[in-house]
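Database features, via Swiss-Prot:
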{"type": "BINDING", "residues": "224-231, 304-308, 368-371", "note": "GTP binding site"}
{"type": "COMPBIAS", "residues": "1-10", "note": "compositional bias 'Basic residues'"}
{"type": "REGION", "residues": "1-24", "note": "region 'Disordered'"}
Amino acid sequence: MFSFFRRKKKQETPALEEAQVQETAAKVESEVAQIVGNIKEDVESLAESVKGRAESAVETVSGAVEQVKETVAEMPSEAGEAAERVESAKEAVAETVGEAVGQVQEAVATTEEHKLGWAARLKQGLAKSRDKMAKSLAGVFGGGQIGEDLYEELETVLITGDMGMEATEYLMKDVRGRVSLKGLKDGNELRGALKEALYDLIKPLEKPLVLPETKEPFVIMLAGINGAGKTTSIGKLAKYFQAQGKSVLLAAGDTFRAAAREQLQAWGGRNNVTVISQTTGDSAAVCFDAVQAAKARIDIVLADTAGRLPTQLHLMEEIKKVKRVLQKAIPGAPHEIIVVLDANIGQNAVNQVKAFDDALGLTGLIVTKLDGTAKGGILAALASDRPVPVRYIGVGEGIDDLRPFDARAFVDRLLD
């Protein structure tokens, strides 16, 4: 950066010019010191999550400052050239400082984004579903008098919102009852009635996972079709349980999909969690080894399995085998059997839940990718047709974007 500084043969200079050089050099050192001091103060105030990047910025600035100091000490005594070179040095330092400050500001912005509360991220994640429903409901809640035409419009919106026929019929009956009971008159009041009806429908799905106090590992087996987000959900769950003070071990039981093991190992490395895997062998063997390794030292085992369609009968038999092997490893295991659902598939999610529930006896669901779909009504369809508890929902790609399902928060963000 400062390659333009070169030593020159010393020449005699009048005393006045020599004093100007020294004064200029001292001024540069003072300004540089002030710049560095300001940067260090900014860096020290950063959150822990940007500490590394901030320290890198300080090192960059400090290196530049040292070069300036060395150059000042070796400056030629020729006043004119000295002043010119000092100005160039100041510009170079200012540029370096500007770049460093930019890095710090970018890091701070990233930190602030991750500090968004869950309610804000949930609202942001449900934007597509909410926007679609809001446009469709604009005519319904526009202030017109409640009548059969309005009811027909509302029914159409609910069906096209992937709530399914059974859930739609339930909601329409419930809304009509509330309108009659409370004497509601217009579309604006109808919104509140719909929100309460939808909340009552999906509230039974809100059953947070409670971990028992036991000496044996709590085993959670995850299943689902390819692409639903099982492996990613396992990585996020590991982080979630660690935040609760639990020790976690991962079983790379997806022995079919290319790079599935490597993907889970990457999540394990990210969370500092051990991953049990095999280069050969079947899913059941991997899961069994993981449970054996976890005994007496690990709180939770998260067992990944290969993606499969419910219509692939031989693969459904294989996942039943995984369950049986886990039962042999620890009586009562797996303690939780969760299917991971991609919200983008809409009504097909109900069929998947039915098939996996019939085969395995599901205890919970994880609904992912709600941020990428306009089909947020799928939870109403599940609540009406096969009400397996929704343990967690995912509304983003961040590691903290998987949280326990909250029915009230979901309805409020969907229909606000």
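Even glycines carry a Cβ here, placed using N, Cα and C.
Feature map: Swiss-Prot annotations on the structure.
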residue : record           : DSSP (3 states)
GLY224  : GTP binding site : coil
LYS230  : GTP binding site : helix
THR305  : GTP binding site : coil
LEU370  : GTP binding site : helix
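Per-site Cβ counts within 10 Å over the binding-site residues LYS230, ARG308 peak at LYS230. Counting every protein chain shown, the Cβ of GLY224 (GTP binding site) has 24 other Cβ atoms within 10 Å. Remark: GLY227 (GTP binding site) has GLY307, ASP342 as non-local neighbours, by Cβ distance under 8 Å and separation of at least 6 in sequence.
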